[in-house]
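Okay, structure first, notes after.
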Amino acid sequence: MSGAALGLEIVVVFFLALFLLHRYGDFRKQQRMVLFGTLLAWYLCFLIVFILPLDVTTVSAHTVPKPCYQPWSYVPDGVMPVFWRVVYWTSQCLTWLLLPFMQSYARSGGFSIGGKVKTALIENAIYYGTYLLIFGSLLIYVAVHPEWYELQTIGITAANTWGLFLLVLLLGYGLVEIPRSYWNASRRGHLLVKTYFKAAKLMTEKADAEENLEDVMEEVRKVSETIKYNHQLRKYIDTILRKCPVVYQEKMGRNMDDYEDFDDKQNTYPTEKNLVKLHKQVIYTVQRHNRTRVQWQMLLQQAVHLEDVARNESSAAHQFSHSFPSTEPPGWVSRYLYTPTVEWYWECLLKQWFYRLLSVVLTLFSVSVVWSECTFFSTRPVLSLFAVFIQLAERDYNYLYIEMACFLTIFFLCTCVYSTVFRIRVFNYYYFASHHQTDAYSLQFSGMLFCRLTPPLCLNFLGLIHMDKAISQQQKLQTAYTSIMGSMKVLSFIANGFYIYYPMLIVILCIATYFSLGTRCLNLMGFQQFMGDNELTSDLIDEGKELIRREKRKRQRTEDGENRRREWKERYGNQRDDYSARNRSTNSEMKETSYSDTVAPVPNNRQAKYSRAGSRSERDSVELLQDAEPLDFNADTLTDDPLDANSTRPAGGRYLSMSSSRSRIFDDV
């Protein structure tokens, strides 16, 4: 199976990156360039995480003097260096050159490719100017020390140093917050109260988004009414209108019919630069409005589900009942596997204990990481727990254990870092939202962060297991990944100082995260955060609870109306069809009678006038009967002829009684 594991993981990682991109991005609406750039960045970073354990296993097999057997995941010599070189340099080109340009291009409000490219180059002028300055300095260094290998190592070291600085900050938050989030998830009362708090904040954001959308749409309406169809800037207006919601498009289309063609002497027209700015505002406000609307629906479902769990905990029947059951027929899984009884035991009994056990396991992992980060530089004795585990497995030639231990460790580290990236919110400029609601700027910014954080994260992991001889100071066979990174001895103050002692700051960051110092600071600055001992938090919780109750009443009324209409259709559908058929036959007979009355000779004008009035009243009666949808329909009230003028008992509901009264009024005339 030489190289089979490598090929299998390459395919699996691609579908994993595609799945995550589908969850957060929108394949139908977002630009193909944005999706491709984000997918490539995520894919390359995930490849580094998943393939690095294979590299460690291959090196462990080479260190054994006479191995009993080759590991099943053994990769042939010469493959891994080429693979790492392609993956690493492609990801670095993406994060430092292409993705910043693509960010500005996607966020630009230009109407042509050339206009968007120009805007992207202007916005990144300072960014790329800094790169040129650094590159010029490196050229001077090469002139003095003409060794390309050292220049390459300096560039890699600079990128990894920047990434390690941010990595420790994100890792310190994730090591505490991930275990705590699962522990809090097991506390249903705490989770429900926090959901109420989120509902109050999200409703404020939703109202603000709707207000901004109204303001921008009003500005678009004014510009659209000013620039008529035969103006040279009208094509830009049409492009902007296509980005607006359908409701506003139809409203503006109807308003345009009330205005005449433009007059150059009466109207002041905006410039193309103003339209570009307006186009950018429309894209941003529409995306934000859609995101808050979808998030509100998801949060409402979560709150209703948590309330259902709290209500079903005291159920003696041990069967889970939903406040709003699904109208779709249950599938095979719901019928035979995930039955209401199984759902009750999972939601009301087993789920909380599973989350608590998972939180304890993750806490032990976090403690091991913190200990190893503070002691991985010690080789005699070996204090890093992960290095101890790997060395014990090497002595027993247990390659499967080596690969699984490496994969679980690096996967946990990446989960702590990547989940923090997903949770970061910089106002509304960078914000990750599931259900296809993440904008192009946030997607590409996450790709940039992943490409900058993953290489130093993997180097840090290799240092934890003593596979990086630049840190462990041991003469061991190094991995192919480390050989691509180059020797850190070129910059000894970084290799012997920053890379060893800076990760110890993770202890301080974990303590600060445990006591929620960041949350308290944001709360003091005016950014409302969930804090149980705060009076404003209690007010927001009460407000959110009332909002959820109001939405539930609205949803209940909607479902009750649909159920009544469905029951009425099922109960009286056949009778209504027969009733409509009799109405159509009677209508045709009346038309024939009216036609014969009109062609027959009349004795005087008064009689003709009376005949026309009578036929008109009968036609009105028939039209009202055809358009009517009886609310309290009863088959016992039907007469032999529902259009009989002498019948005093109505044949249908209130619409029929109105038509009968109207017929009698015309008869009196």
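Placed from the backbone N, Cα and C atoms, the Cβ positions cover glycine too.
Where the annotation comes from TrEMBL, it is an automatic prediction and has not been curated.
Listed in TrEMBL for this protein:
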type	residues	note
TRANSMEM	6-22	transmembrane segment
TRANSMEM	34-54	transmembrane segment
TRANSMEM	86-105	transmembrane segment
TRANSMEM	125-144	transmembrane segment
TRANSMEM	156-176	transmembrane segment
COILED	199-226	coiled coil
TRANSMEM	353-371	transmembrane segment
TRANSMEM	400-421	transmembrane segment
TRANSMEM	500-517	transmembrane segment
REGION	552-669	region 'Disordered'
COMPBIAS	557-581	compositional bias 'Basic and acidic residues'
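Contact check: the transmembrane segment (34-54) against the transmembrane segment (400-421) gives at least three Cβ pairs closer than 8 Å, residues 6 or more apart, which meets the contact criterion.
Contact count against the transmembrane segment (156-176) (Cβ pairs under 8 Å) is highest for 500-517, out of 6-22, 86-105, 400-421, 500-517. Using a Cβ-Cβ cut-off under 8 Å and counting only residues 6 or more beyond its ends in the same chain, the coiled coil (199-226) has close neighbours at 237, 240-241, 244-245, 248, 251-252, 255-256, 259, 262, 267-270, 275, 278, 281-282, 285-286, 288-289, 291-293, 295-296, 299-300, 303, 528, 540-541, 543-545, 547-548. Taken together, the residues of the coiled coil (199-226) have an average pLDDT of 92.
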